[in-house]
Amino acid sequence: MRNSAPDADIGLVIAVKRLTAAKTRLAPVLSATNRESVVLAMLVDTIGAAITVPAVRSVLVVTPDDGAASAARRLGARVLADPTPAGHRDPLNNALSAAETAIREECSNIVVLQGDLPALKSIELAEALHAARAHPRSFVTDRHGTGTAALFAFGVALQPRFGAGSAQRHRESGAVELTGDWPGLRSDIDTPEDLVAACELGVGPATSQAISAA
């Protein structure tokens, strides 16, 4: 997807690990096969919400997974094969840095979005982007306040600090915390409780179908 509108100035990056290794904490409620289906569906709904935001110029998915790559391409996203070598001490942030380099060819303003935001509404992301423009770097925490749902960098280096306790690490790196009321944007999925909370908000069609089929 490439939005050529004059005001479309955001390059959006989503990192996705191998589906077979994703969301193992959902094992109490979903089989391995169903977890893969739900994770892929959440990615589809996340991209689907993001690509309709007028400010988003391009979506780049960085992943080592063929299934995730195919799904992203069908939605019009670009795909970067994750170059992170096996055994890397910080694979997620390495993948994001590689994606940052790739997407800067067309956008100087970059947003990292979690790929498991099935309740994300386009208006929430649009509002968060508007708020983020007031700062060189900013972020939105997850609903627990400890993780990072989105990281924004306008004309400056991304400096991703994702992982456990990432909200505090992004705060310490100088990024400004955005405090808007964006429940869908904050509802990334790690646990069965997170999935229930997202369903209460209302998940996208792909996730709804995958959960119903599980």
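Quick reminder: no glycine exception, Cβ is built from N, Cα and C everywhere.
Marked as phosphoenolpyruvate binding site by Swiss-Prot: T148, G163, S166. Annotation for S166 (phosphoenolpyruvate binding site): spatial neighbours T146, G147, T148, criterion Cβ-Cβ under 8 Å with sequence separation of six or more.
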Greatest inter-residue Cα distance in Å for the phosphoenolpyruvate-binding set T148, G163, S166: 8
When you tally the Cβ atoms that lie within 10 Å of each candidate's Cβ, which of the binding-site residues (T148, G163) has the highest tally? T148
